[in-house]
Amino acid sequence: MGIILGDREYFKGIGQIAYEGPDTDNPLAYRWYDAKKVVAGKTLEEHLRFAVAYWHSFNGNGGDPFGGRTHFYPWDEKKDKIARARDKADAAFEFMSKLGLPYYCFHDVDVVDYDGTVLENEKSLNTLTEYLREKQKASGVKLLWGTANLFSHERFMNGATTNPDFSVVTYAAAQIKIALDATIALGGENYVFWGGREGYMSLLNTDMKREQAHFAEILKLSIQYAREKGFKGKFFIEPKPCEPTKHQYDYDAATVIGFLRQYDLLDDLSLNLEVNHATLAGHTFQHELQVAADAGLLGSLDANRGDYQNGWDTDQFPNDLMEWTESFLIILRAGGLQGGGINFDAKRRRNSTDTADLFHAHIGGADTLARALITADRIRQHGALDQFRSERYNSFDQGDGKRFEEGRLDLKKLYQLASENPEPRMISGRQEYLENLINRFI
Ligand code: XLS
Ligand code: NI
Ligand code: NI
C-alpha cells in the first residue's frame, strides 16, 4: 500500500524495496522474494507470511553482557514514554511498509514501557493499541502474533506462571490478559507463549511438578478468556531448552508436545519453532519441524540462525540455504504452517550500526527463505527424493509388513517370520547420493 510515514522520515534515503530478480546489482532489492510469484499453488507471500519482530528491530540496542548500547535510534529520544512509543510505531511502520513485508509481532513491553502499576501499564498499552490500529489500517501491515514479556522484569526472576509465589503468578496472568486484549483489538492472528523464565536454576529449591501444573493452568485460563472474547486465532508455545534459565520446561518440540498432551491442551495450542532454539537443544531445525509436523502441530516459525561455534542464542538473520531448503521440504510435505507465519526473530550484529543494515538483514533473510522454498518445490517436482523415501518403506506396503502396520500381527508371528526367512539383505540408505541430489537444485 505504499510507504507510511509519521511526522518525520526515519529511514531517509531508502525507498520502497522491490523485487528486481537474481541479477540485480542493487543491494537494497529482493533477488528471490517476489511476493506474487506462485510456487506449489500459492504465492510466496501466502507461503511465507513474513513478520518483522518489533523487539529486535526497534528496541534491541546492540548491547551485550560486556557493553552497553551501540544502536542509537532517533525514535528513542523523547522524554514522555507515550510520545516515544508513538515515534517508535511510526518508525516501525515506515520500515515495514518500505520492506513490503505483510506482518509484525510484538511483546507488550516492546510497544510501550511498562513502568507503572498493572492498571497504568494497561492504560499505556491501550493508548498505543489505538495508534497501532490506525497504522495497520493505513499500511495494510497486520499483526501475526502478540505476546507478553514475562521474563525481563525482576519480579519474574523466579519464574512467571511457574513462580513459587502465587502473587507473582497473578501478575503474570494480568499481563497475559492485557496482552491478549491488545492482540485481539489489533486483529492479531495468533498469540505466542514463550516461557523465558519458566524453568529452574536448581532443583534444590524447585517443585517441578507443581510449577508445570501452574503453567498448564494459566494456559487453560488464557485460552478460555480469549475464546470468550471471540479470539479465533491459534495459540503457540515456543520451545527453547535453556537461556535464561538453566533448564526450561519447554525444552524442545517433543517435550512440549508431551506436556500439551498431558494437560489436554492439544486442541488450541501448537508450536512456534525457532532455528536457534532447535540447535541449542542439540537438534537440527529440520528435526524440530518434523517432530511438530508428525504431530500435526506445525504452527509458526521464528526464523534466525545460531553460530556454529557459540553455544547461545545469537539470533542472527537466516542465511543458510541448505538448512532452509531441507526445512521447506518438510514444511511443504506437511501442507504448510497452520495459521502462523515466519517471524524474523533475529537481530543485526552489535557492530552493524547503519540504518541500512536493518534493511540488508531483512532483505537477506527474506531472499534466503524465498530461494529455499523455490528450491524445495523444484526438488519435490523432480520427485526422486520423495520417491526414494517412500520406496524405502515399501516392505510395509503389502503382505505381512502391511498387516504389522495395521496392528494385526503378534510377537510370536514376527518371531516365526524371522526364523523362517533368511538374513535380511543390506539395503543402502544412500545419504550421499541424496545430499548430491539436493545440491543439484541449490
Ligand atoms: C527468545 C525468544 C523470544 C520469543 C518471544 O529467545 O525467541 O524472542 O520469540 O517471546
Ligand atoms: Ni523466538
Ligand atoms: Ni530466541
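Glycine too: its Cβ is placed from the backbone N, Cα and C atoms.
Note that TrEMBL annotation is computational and uncurated.
Residues annotated as active site in TrEMBL: HIS107 (among others). Counted within 10 Å of its Cβ, the other Cβ atoms near HIS107 (active site) come to 23, all protein chains included.
ASP110 (active site) carries a helical DSSP state (H, G or I). Within its own chain, ASP110 (active site) has TYR54, TRP55, PHE58, ASN59, ASN149 as residues 6 or more apart in sequence whose C-beta sits under 8 angstroms from its own. According to TrEMBL, the feature active site maps to ASP110 (among others).
The Mg(2+) 1 binding site feature in TrEMBL is assigned to GLU238, GLU274, ASP302, ASP345. Mapped onto three states, the DSSP output places GLU238 (Mg(2+) 1 binding site) in coil.
The Mg(2+) 2 binding site annotation in TrEMBL covers GLU274, HIS277, ASP313, ASP315. Around ASP315 (Mg(2+) 2 binding site), the C-beta neighbours below 8 angstroms that are at least 6 residues distant in the chain are HIS56, ASN276, ASN304, ASP345, ALA346, LYS347.
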Distance between HIS277 (Mg(2+) 2 binding site) and GLU238 (Mg(2+) 1 binding site) at the Cα atoms, whole Å?
9
Neighbouring C-beta atoms (10 Å sphere around the C-beta of ASP302 (Mg(2+) 1 binding site)):
26
When the Cα-Cα distance from ASP313 (Mg(2+) 2 binding site) is computed for each of the recorded positions HIS107, GLU238, GLU274, ASP302, which gives the smallest value?
GLU274
Could you find out if DSSP has GLU274 (Mg(2+) 1 binding site) as helix, strand or coil?
strand
Write out the long-range same-chain contacts of GLU238 (Mg(2+) 1 binding site), meaning residues 6 or more apart in sequence whose Cβ is under 8 Å from its Cβ.
VAL192, PHE193, TRP194, ASP250, LEU271, ASN272, LEU273, GLU274, HIS277, ASP302
